[in-house]
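This is the structure I have questions about; it appears just below.
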Amino acid sequence: MVPGQAQPQSPEMLLLPLLLPVLGAGSLNKDPSYSLQVQRQVPVPEGLCVIVSCNLSYPRDGWDESTAAYGYWFKGRTSPKTGAPVATNNQSREVEMSTRDRFQLTGDPGKGSCSLVIRDAQREDEAWYFFRVERGSRVRHSFLSNAFFLKVTALTKKPDVYIPETLEPGQPVTVICVFNWAFKKCPAPSFSWTGAALSPRRTRPSTSHFSVLSFTPSPQDHDTDLTCHVDFSRKGVSAQRTVRLRVAYAPKDLIISISHDNTSALELQGNVIYLEVQKGQFLRLLCAADSQPPATLSWVLQDRVLSSSHPWGPRTLGLELRGVRAGDSGRYTCRAENRLGSQQQALDLSVQYPPENLRVMVSQANRTVLENLGNGTSLPVLEGQSLRLVCVTHSSPPARLSWTRWGQTVGPSQPSDPGVLELPPIQMEHEGEFTCHAQHPLGSQHVSLSLSVHYPPQLLGPSCSWEAEGLHCSCSSQASPAPSLRWWLGEELLEGNSSQGSFEVTPSSAGPWANSSLSLHGGLSSGLRLRCKAWNVHGAQSGSVFQLLPGKLEHGGGLGLGAALGAGVAALLAFCSCLVVFRVKICRKEARKRAAAEQDVPSTLGPISQGHQHECSAGSSQDHPPPGAATYTPGKGEEQELHYASLSFQGLRLWEPADQEAPSTTEYSEIKIHTGQPLRGPGFGLQLEREMSGMVPK
């Protein structure tokens, strides 16, 4: 028994109250000579056919082989004597009107068969049924205890349709519909087909246990329905099965969608899609296409396949970029391909990020190698050289580059490339801090470098004068880097203080200036050559003081000339004095005009780096000494007396590399002797020589 389901009552309980008065008690006795085998419960779907197999045996009593045997199937509560059977082989007996032509006794009771065929089962047919056999005069028996129950169920079974999974457009196809409920002697159902892919003549019904349909699909038939109908009864009981046609076609309707940081996907439209993302973001690219059979999907960056799918896999292919990098920029193409064709869609991905690795590339004259400089770098450049600064950074979109110097914007050398700054031959005014700015919507950076201008020594001096202790000389030089100064007396290097107290050297320095004063005590020998030399890595200069005529230098109150010179020398000096007075007056007028412009270049003898020098330098602004330099200041009423005023430049050259040895050049400049404390001695004179080596500014 099935729990919770109502079970049919036993035939004895149903038939006994009705049949007992009719049949008498004897007919209900269970005689072992009578037996019947039948299925206790027979299910049948409504409208279908079922065969109830049945076998019986009865005693050979009152009949022989020629005696006809009659069998009757009665519905429960029907009197065998007065009621109509639902099926019988007795032609003289009327059957129940509702079961006529549907219930048929197909078995031969004379041969021990009582099988029953039930066609087009109806809901009202559900009941108990028992069999009665009659043969001869004595066999009259109803098998009440061997009845069966006919269970009529709802029709849930559907036909099976056999069709290829994918139909080729333009190619004939055969479809079969089968309903697996066929019994021998049961009538065949009626089959029919409906669908958009079929012409009306294809929908005519046919009667069989299966149906075969042939047609030629077209691409338009894809995703349409095809239905097989199976009809079983005159009351319209039927079953049907619908299949969806899958006609092959090339990929179409390719769609790309994206999602940022695990957000919902956003579908993108356009022939070529442009997408901007920021560096470091999470990005998921999705690609889907409609095709039959399913297409193989792939993501391609440039010509490199990043991922692909199988036709039997998911219909959507995803590509995840975790922490997008700058190198992920490029054209991503989704391709969908099957045996009938292909389709693709492109996406241009631009990864945006602020300036990175900002640096300055430096190109200097006579150098083929570029230097990469970072922030805070000090850049030494030789005066007169050309300089090219290129600001370089990585960003997307490109950052806006600009140059400033001490906070003031510097115009680019090439407007089309604002990151390039070209400086003309470097001068002192170019010294300072240069800053490249890289401005970007996502952030900005800057890099600064300090430009220092280097140049070789510019010698000022030596200049000498008599003082109470002896001869006092001073020498100064300006250079970058700061120069070194040394004194030579003849071939002897003078450093510090002499142990005998014959000389004393006092050095000093301030910024680019180097100063040195020399005090000589005692008598000086004839053929005196006193030399001051300044040098740094870029070159050297030197100046010398000579004693022109032999004799002994003495400190006195005037300039005495030896009797050996005679009256001719006196006349010559008188002539020179007149000439000098005239020159000094002219030079003083010129000096006043140049004083304001040349105050920042102190020099007693005039800087060599000017490229030329006026013959008249006395009283000019360059007579101002450098910081810390020892000078002689004329007293009130004293006049400077010019004894020698000759200046020559020989073989001046442009800057040359420091490792190339340059020839020395001798120059002559003015010697000033103050009349208050003159140098005197028999036949004495002073001459200044400058030796320049290394490189000379243009």
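Glycine too: its Cβ is placed from the backbone N, Cα and C atoms.
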Which range, 76-115, 596-635, does Swiss-Prot list as region 'Disordered'?
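Checked against Swiss-Prot: region 'Disordered' maps to 596-635.
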For the motif 'ITIM motif' entry in Swiss-Prot, name the matching range from 18-23, 210-215, 576-581, 642-647.
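Comparing 18-23, 210-215, 576-581, 642-647 with Swiss-Prot, motif 'ITIM motif' matches 642-647.
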If you pull up Swiss-Prot, which of Cys334, Cys391, Cys532 shows a disulphide to Cys436?
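Disulfide pairing in Swiss-Prot: Cys436 with Cys391.
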Which one, Cys49, Cys54, Cys228, Cys287, is listed by Swiss-Prot as the other cysteine in the disulfide with Cys186?
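Its disulfide partner, as Swiss-Prot records it, is Cys49.
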Can you tell which of Cys228, Cys334 Swiss-Prot lists as bonded to Cys287 through a disulfide?
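Among Cys228, Cys334, the record in Swiss-Prot lists Cys334 as the disulfide partner of Cys287.
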According to Swiss-Prot, which of these ranges is region 'Disordered': 363-386, 411-434, 675-698?
675-698
Only counting partners 6 or more residues apart, tell me which same-chain residues put their Cβ under 8 Å from the Cβ of Cys186 (disulfide bond).
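Sequence-distant Cβ neighbours: Leu48, Cys49, Val50, Ile51, Val117, Arg119.
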At the level of the C-alpha atoms, what whole-angstrom distance separates Cys54 (disulfide bond) and Cys436 (disulfide bond)?
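Here the two Cα atoms lie 108 Å apart.
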Taking only the recorded positions Cys114, Arg132, Cys287, which one has a CA atom nearest to the CA atom of Cys436 (disulfide bond)?
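Out of the listed candidates, the nearest Cα belongs to Cys287.
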Rounded to an integer, what is the Cα-Cα distance in Å between Cys287 (disulfide bond) and Cys391 (disulfide bond)?
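On Cα coordinates alone, these residues lie 41 Å apart.
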Would you mind checking how many other C-beta atoms are within 10 angstroms of the C-beta on Cys54 (disulfide bond)?
25
For a three-state summary based on DSSP, what are the helix, strand and coil counts in the domain 'Ig-like V-type' (31-134)?
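Split into helix, strand and coil, the domain 'Ig-like V-type' (31-134) gives 9 helix, 40 strand, 55 coil.
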